[in-house]
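Asker: Sharing a structure, written as structure tokens. Questions coming.
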């Protein structure tokens, strides 16, 4: 085939005396098209790809441009205030100036303008009342011209997932400060207490009543909160860094109510809420979120919610199901939740349910080594390891002891305590430890450690160290083997795993893999400061508390240095000062699951030191949860990216431990009642369920 004959065109431009221009643009366009067709397919694809990139960047920059337009519109509308409107105000000003010579004028009636957080921060002050304590010498009361209602250019805001996109009032956050659209309603008799829900363009909901509604009166609070086991409402408003006050306990209750609303509406009786899709997720089919939340509701004084949940436990909860459950998760969440609720309420229903469940978990211990299997079919009474291995993780088999021991004490049936204690005796004697540090896996057939040489305080090993100390405290400090293993492990941590960052000298706990140090720290490790502080409180060496203080600061920085104020699941620390940064987060580790470990340690640290900074850090975390994880129709969601405040990427899952642990520790952190679950009387299991400390045995 021959190529088509080539035709050349000459571009000719003619001008007339009147400067009208003519040209052969049509032929020029045809020439350009021919040149485009003569390009290779690769060249054309590359050009189209670059154009598509430019289009995408343009779309991404669109919201920021609209914000600039929006701000410009505000300024233009303000300048449009005409002379006639100003003149109508001047006579009032003149009259007020005339009164000033005689006496101070009465307050001028008019539209009342409050700062964004005014009413909520001063519950004792009415909208138009000035408290006596702040009265100053009065000067002529010259009214200030209020900004007139503006006609803003509205742009559809579609940041975030579709289920979180709302039209209407948008709360934009720039530099960490919330900027809300003011809604001016005219006309007499209109209700001003209408509920306002503000949707953040980051993809999470912020309710206006959290910031603008005054909290309940003291009488209402006292009526709503029972004094069992102590009065949780016995507290005063806490000072915020701005010098204003706010009832932080009530803010935590509000967060719980909102989470519970989502669970009740869309996942009642199921294991977990999916707040974005307004559905539920099932793990074991045992109502994990509901049972995990029982003692939290009791502690917070949420009587109505507790009564509904108790009714479900009484009528619907059954362990006669042909379903595989994880021994560890079921023990700490369900068995622990039932036992703690029995202790707080004295209701026999919860102990009966706990005994029924405990008996159905016992087949897990029928192994050649007496190291329990990881999974149990509670309906068939059989147990087995995971399909891919015969190993169990060390944390799972050594973090069920608090619950099984307490079940034996309450039922006077020793079988539960015997099987749990036997596991600890076997692990105590095993070879393969490294200065008290233990591997992550143990074989259920041989009873020996596997995958040796890898040591971490993160996933699969964390709660082993926690339960060494807590069992020793639970049993009246009489079991020396537990104390010996714990003290040796802490020394191993300090020797092999503790390092400091190069830039800010933050102390952190890394991992050891075949004698090679890895500066990686799971958020799970943030349980350690609280555990160390608890040990120091019970007479262990004072340098444990020193390490706890340093690690708590590091866990705080894991939140503070993120753009959303929420910690990622895993961080890596920089050991080189030349890097200029402490925390490095890999893309796969940027998610946040609403975990409790940092808030848990803040609770312990405040109880033992009374330093208010720990409360302030906890308050910052609660605010970040509200700003980036709260879902408008109820519930909170895990997010994918703590480094992206614009689109954190909701994961559509609310873990049961958010209600069972995170909000419970948050509430206890802000409570001034040190006898509310006193740490000299209760020990918390690894799911934050309080169990009583046994009386010390006679010597």
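Cβ atoms here come from the backbone N, Cα and C positions, even for glycine.
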Asker: Quick one: sort out which of 3-23, 24-44, 45-65 is the transmembrane segment according to TrEMBL.
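Answerer: Checked against TrEMBL: transmembrane segment maps to 45-65.
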Asker: Which of these recorded positions is closest to residue 329 (active site, proton donor) if you go by CA atoms: 526, 555, 569, 686?
Answerer: 686
Asker: So if I draw a 10 Å sphere around the Cβ of residue 329 (active site, proton donor), how many other Cβ atoms end up inside it?
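Answerer: For residue 329 (active site, proton donor), the 10 Å Cβ neighbour count is 17.
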Asker: Relative to the Cβ of residue 686 (Ca(2+) binding site), which residues of the same chain, six or more apart in sequence, are found under 8 Å away?
Answerer: 332, 399, 463, 466, 467, 527
Asker: About how far apart, in whole Å, are the alpha carbons (Cα) of residue 526 (disulfide bond) and residue 569 (active site, proton donor)?
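Answerer: Here the two Cα atoms are 11 Å apart.
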Asker: Counting across all protein chains present, how many other Cβ atoms fall within 10 Å of the Cβ of residue 569 (active site, proton donor)?
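Answerer: Here the count is 19.
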